[in-house]
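Engineer: First the structure, which I've put down as structure tokens, then a few questions once you've had a look.
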């Protein structure tokens with residue numbers, strides 16, 4: 001039977017126009033298709049209400065407010081990237097232009113609430129409004145504001161993030177020297193906050209600390225990479241492991257192998273998500289207590305694994321978007337009991353003034369899906385022991401329970417500050433975990449040589465933290481056969497010799513997910529680097545050993561850079577970790593680079609990291625020069641100011657740095673520095689800046705972008721456009737062939753732009 005015949009065989013008979021389909025909730029089908037859309041989800045769940053009323057986590061007299069807030073849509077929130085020097089300028093632009101335009105504005109009969117700052121977030125860098133994402137996307141009255149949000153989000157200057165999810169990174173108290181592990185990082189909004197805190201001092205291109213962001217889902221790891229890339233940090237590594245058995249890493253310290261313990265750990269575990277009902281309305285019809293019972297064990301294993309890898313004196317934040325004590329206090333109580341005093345709950349009540357929260361509870365009951373309650377483990381019948389575990393109940397020893405101080409946990413209720421529901425607990429490590437006390441902190445070289453390496457697949461499938469600890473204990477004490485030790489020793493020596501961090505040469509179990517390109521550090525004697533060093537007059541302090549590529553064969557097209565600390569992690573753990581991405585792009589090969597003195601041009605992604613080390617080919621430009629460079633495709637030298645022209649005319653062709661320094665004596669001008677990558681051609685100059693970043697700089701300088709569609713090109717006047725007879729055309733042709741050239745700026749012209757400041 002042919003394909004068409006098969007299709008006709010199973011076709012439904014035609015339905016008369018306007019006839020109702022009972023299977024689709026009474027919707028009618030007309031000529032234009034289904035009318036009325038899908039039936040709305042009823043925001044009711046009797047089991048949910050019965051469960052939480054019985055637990056009494058909502059204060060007396062507030063239940064109706066609590067339920068009413070859950071049925072309301074979640075307000076939109078945004079956070080300004082705090083570490084960037086442009087944060088104040090973005091805040092100024094938001095408050096004095098976009099927010100003012102929202103005053104007295106109505107959309108679909110609803111008055112638009114002017115965004116207000118979150119009272120508990122520092123420096124007014126987080127704001128919320130009653131505008132939902134749907135209204136922002138659909139309303140033409142808000143098109144300009146929506147375009148601003150999308151563009152600035154892509155540039156990494158703004159993050160649209162739920163208010164309560166901003167809390168855990170703030171409570172970690174991150175400092176630039178901290179080594180941080182984000183155990184369940186995707187989609188990455190909290191990870192970006194952690195990166196911001198590492199780069200609090202913009203004058204330091206390479207902080208001593210770093211963030212290792214992990215997620216068990218291989219596909220979500222790439223979403224995580226996209227989020228992290230917006231911040232252009234050399235101190236972030238994305239890895240793909242099961243958080244409950246994430247491998248313990250080692251680093252080289254003065255020739256010795258030391259176990260890597262983290263100063264800060266974010267443990268934002270998978271949960272039932274009943275605190276997200278305001279945005280995930282599916283939870284209303286799918287919620288049962290079975291979700292929490294099934295997740296409790298995984299949550300406890302992840303938290304235990306995090307506690308094992310936390311340094312003494314370090315801080316770990318455990319968080320969920322669930323209000324259920326089985327996922328919250330029960331996990332914390334079980335972890336504290338297992339730690340035997342090694343962990344304690346920190347009192348963070350004064351750390352976020354303005355935040356409203358409820359203290360953790362010390363008594364709760366467990367309910368099954370069919371509504372049966374149990375107050376104690378001994379009440380649970382034998383047939384339910386696999387579903388309900390002892391760790392789901394509060395400790396029976398009242399003295400031990402009081403010593404845990406579960407009231408120090410924070411539970412955020414939706415109706416208190418118009419947010420989602422959330423739970424946070426901050427743990428401090430006072431001593432090694434009881435089962436880790438016998439493990440030596442430092443491994444010598446002979447012990448390391450005997451250490452059997454574990455493939456990432458084995459580590460990712462190990463489910464029990466205690467078993468994992470036992471395995472690591474054997475690894476550290478040197479258990480393993482001599483053949484494995486011999487192979488490991490050879491592998492390590494090869495790693496140090498060629499700097500390749502990729503799959504081991506010996507046959508290993510196949511990893512799941514996509515195969516990643518290797519991370520190959522460039523040897524210090526590589527002939528590729530001296531021309532770069534000479535062309536840009538790099539400072540002697542430039543850490544050239546931190547440069548890497550993603551290929552072992554052929555020409556190196558792109559050079560990336562990581563911090564010294566992440567290089568140490570990569571070189572010593574290549575067989576333990578499945579690394580998805582790390583490093584930022586700092587140089588790209590030119591298509592015809594051999595014609596110039598240097599085959600590599602600068603990449604905008606890494607320019608703020610590289611700039612402190614560059615001593616040549618820097619052109620200081622004015623604000624008007626920046627406007628010209630960002631709104632015209634290939635402006636001739638004569639379009640620049642006399643100061644900039646005098647600098648550029650004597651330079652050889654090739655990549656340049658364009659630097660704008662703010663004038664403090666003129667407060668009406670842009671008050672933050674700008675560093676751009678450019679190309680000095682034969683008679684013209686251009687910038688290599690991505691589209692959204694261009695739009696960002698233009699807005700900060702008071703120019704309004706007029707076009708909205710991506711297909712609208714740069715509006716160039718006749719005097720700006722280079723004709724085929726003009727000398728600038730050769731440069732335009734050269735840059736047009738370069739795959740790294742960014743998109744044009746849509747609908748933006750310096751002459752037509754209207755001031756917004």
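Sequential numbering from 1, following the chain as shown.
Cβ coordinates are placed from backbone N, Cα and C, and glycine is handled just like the others.
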Engineer: So which of 138, 286, 585 shows up as N6-acetyllysine in Swiss-Prot?
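Structural biologist: My reading of Swiss-Prot gives 585.
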Engineer: Looking at Swiss-Prot, which one out of 108, 268, 274, 282 binds S-adenosyl-L-methionine in the same site as 184, 185, 186, 187, 188, 189, 190, 215, 242?
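Structural biologist: Site partner of 184, 185, 186, 187, 188, 189, 190, 215, 242 for S-adenosyl-L-methionine, according to Swiss-Prot: 268.
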Engineer: Can you check which residues sit near residue 653 (SUMO2 cross-link), meaning Cβ under 8 Å from its Cβ, same chain, 6 or more apart in sequence, and list them in order?
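Structural biologist: Long-range Cβ contacts: 596, 680, 681, 682.
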Engineer: In which DSSP state, out of helix, strand and coil, do we find residue 186 (S-adenosyl-L-methionine binding site)?
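Structural biologist: Where residue 186 (S-adenosyl-L-methionine binding site) sits, the three-state DSSP reduction gives coil.
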Engineer: A 10 Å Cβ contact count, applied to the recorded positions 46, 190, 585, 639: which residue has the minimum?
Structural biologist: 46
Engineer: Quick one: of the recorded positions 139, 585, 639, 659, which has its CA closest to the CA of residue 190 (S-adenosyl-L-methionine binding site)?
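Structural biologist: When the Cα distances are compared, 585 comes out closest.
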Engineer: DSSP three-state call for residue 242 (S-adenosyl-L-methionine binding site): helix, strand or coil?
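Structural biologist: Note: residue 242 (S-adenosyl-L-methionine binding site) is coil by DSSP, not helix or strand.
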Engineer: Please find, for 184, 185, 186, 187, 188, 189, 190, 215, 242, 268 as listed binding S-adenosyl-L-methionine, the greatest distance between any two Cα atoms, in Å.
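Structural biologist: Per the listed residues, the maximum Cα distance equals 20 Å.
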Engineer: For a quick check of understanding: among the recorded positions 186, 659, which residue's Cβ has the most other Cβ atoms within 10 Å?
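Structural biologist: Comparing the recorded positions 186, 659, the most crowded Cβ belongs to 186.
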Engineer: Rounded to an integer, what is the Cα-Cα distance in Å between residue 321 (active site, nucleophile) and residue 184 (S-adenosyl-L-methionine binding site)?
Structural biologist: 13
